[in-house]
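Participant: When I checked Swiss-Prot for this same protein, it listed these features:
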- 1-83: domain 'GST N-terminal' (DOMAIN)
- ASN12, ASN39, VAL53, GLU67, SER68: glutathione binding site (BINDING)
- 88-208: domain 'GST C-terminal' (DOMAIN)
Amino acid sequence: MITLWGRNNSTNVKKVLLTLEELELPYEQILAGREFGINHDADFLAMNPNGLVPLLRDDESDLILWESNAIVRYLAAQYGQKRLWIDSPARRAEAEKWMDWANQTLSNAHRGILMGLVRTPPEERDQAAIDASCKECDALFALLDAELAKVKWFSGDEFGVGDIAIAPFIYNLFNVGLTWTPRPNLQRWYQQLTERPAVRKVVMIPVS
C-alpha cells in the first residue's frame, strides 16, 4: 500500500497526487501540513526530519521518501513503465529538466502571488511585491510558450513528468483572477491539460 501525507491545496502535494492518479495506483492519503498539523509530530519527523509535505511511504518496496520531484521520479520509474517512464535517458532528461526548472524558477514567482495575493488579507497585501511577481511570471510564461511552439507537451510527444511538475503552478496562476498576456501555445497546453481526468480530480480545485 502507498500512503501519502499532505494537504490537497499544496502545489507540491498535487504533483504526487497527479502522478498517483495518472498511474491509477491505489493509495491512502493522510491530510497533513498547515491547518492539519501532523507534520511536526515525532512520528512524522522520524520519517521526514524536514517536517514538510509531501511524504510518501510505499510498503511494497519498503521505501519512505520526501521531496515532491523525487517522489514523482520514483513513482514513474517503479510503476510508470510504458506510461510516465521514458526509456531513453536523453528524452527522459529533456522532460525531467522541467521538474527542476519548475521548483527552482517558476515556484518562486508563483509563491509571490499565492502568498501575497491569495493567502494575505487585502488590507495587508504588498501590491508592489505582487506586481513584481506578476511581471516575473509573465516573462516565464513567454519562455514556456516558446518551448510549446516546438513540442506538444513539456515531456515531448506524450504527457509526462515535466508536465506534472508544471501543471499545479500554471493552474493556480491562471485561476486567481489575474489577466495575463495571451500566450497561444501555453493556452493550448493548458486546455489539453484540463481534459485529463486526473488533472480535473486533484489539480483543478479552488486555489487557497
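Glycine is treated like the rest: Cβ placed from N, Cα and C.
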Participant: Among the binding-site residues listed here, ASN12, ASN39, VAL53, which has the most company in the form of other Cβ atoms within 10 Å of its Cβ?
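Facilitator: When each Cβ's neighbours within 10 Å are tallied, VAL53 leads.
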Participant: Report, as a single number, how many Cβ atoms besides its own are within 10 Å of the Cβ of SER68 (glutathione binding site).
Facilitator: 28
Participant: Neighbourhood of the glutathione site (ASN12, ASN39, VAL53, GLU67, SER68): other residues with Cβ within 8 Å of the Cβ centroid, in order?
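Facilitator: Once ASN12, ASN39, VAL53, GLU67, SER68 are set aside, the remaining close residues are GLY6, SER10, VAL13, VAL16, GLY33, ASN48, LEU52, PRO54, LEU55, TRP66, ILE71.
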Participant: In terms of DSSP three-state secondary structure, what is the assignment for SER68 (glutathione binding site)?
Facilitator: helix
Participant: Pull the DSSP breakdown for the domain 'GST N-terminal' (1-83) and write it out as helix, strand, coil residue counts.
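Facilitator: DSSP composition of the domain 'GST N-terminal' (1-83): 33 helix, 16 strand, 34 coil.
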